[in-house]
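So that you can see what the record holds, here are the features copied from TrEMBL:
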type	residues	note
DOMAIN	17-267	domain 'Ammonium transporter AmtB-like'
TRANSMEM	20-40	transmembrane segment
TRANSMEM	52-72	transmembrane segment
TRANSMEM	101-119	transmembrane segment
TRANSMEM	126-147	transmembrane segment
TRANSMEM	167-189	transmembrane segment
TRANSMEM	210-228	transmembrane segment
Amino acid sequence: MEMSWEQSVTYSINTVYLLFSAYLVFVMQLGFAMLCAGSVRAKNAMNIMLTNVVDAVVGSISYYLFGFAFAFGDSSNPFIGTNFFALKDIPNTSFDYSFFLYQWAFAIAVAGITSGSIAERTQFSAYLVFSFFLSGFVYPVVAHWVWSSSGWLSASSTNPLFASGAIDFAGSGVVHMVGAVAGFWGALIEGPRVGRFDAFGKPVPMRGHNATLVVLGTFLLWFGWFGFNPGSFDKILVAYPSTTNQGNWTAIGRTAVTTTLAGSTAGI
């Protein structure tokens, strides 16, 4: 069935909105890189920069080949998706390329969250394997649990857990908890940086080498949040049934304001 002119316009606007949100989330990779590089010693700045590059390029390939399929593949399996590998059969009535790109930006953000937790004590080759596995398998499986309609934690499941499922609007658990837990285990397994404690076990200050990079990275991350949170609506041109002048655009504006106030409050 062909779309009407009104449907075409609506679809186009929603697609542009989702793509723009994906671009904003991708900017967060630059924020992660600058924040982490400024927070480590100068001799390790290039290494942490390269790990953030790896997160983007290696994570992109793994999420394209496997990750999106594991996360959003149509399946009665509540644990993992089983189709859409390498975007086969995309676009369809459920997903298109813009949705994939937005979810890809989420996936590589998970690895970006983790990279700072294990900074200055990870071999580059080992991190390459870790980033590929995290973006292509670990994160997508959790995403399937919560965001796929067949996931065992999904709020849209026919029989949601505890009658509600896990409601995660913008990835506080699916994205950030997964990245944080991965970072925790990485830090625990690798242990402290060389020289972090003296012979008596007392901590030795190891200050970052560039405060400017830290501040710029922080603002870039904050900027990226305007894609992460408001963008999670997926569609902007959706009218509320009970009013003629409000819709998703109202909720998106409110979410942007909330993101601004939340960042400001955290800063204070």
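Glycine residues also receive a Cβ, built from the backbone N, Cα and C atoms like all the rest.
Note: the stretches the transmembrane segment (52-72) and the transmembrane segment (167-189) are not in contact (fewer than 3 CB pairs below 8 A, sequence gap of 6 or more). In summary, the transmembrane segment (20-40) lies against the transmembrane segment (210-228): three or more C-beta pairs, each 6 or more positions apart in sequence, are under 8 Å. Within the chain carrying the transmembrane segment (126-147), a Cβ under 8 angstroms from the stretch's Cβ atoms is held by residues 51, 54-55, 58-63, 65-73, 78-81, 103, 106-108, 110-111, 114-115, 118, 153-155, 165-166, 168, 173-175, 178-179, 182, 186, all 6 or more beyond its ends. Residues 106, 109-114, 116-118, 122, 130, 134, 138-139, 142-143, 146-147, 155, 228-229, 232 of the same chain lie 6 or more positions beyond the ends of the transmembrane segment (167-189) yet place their CB under 8 Å from a CB of it.
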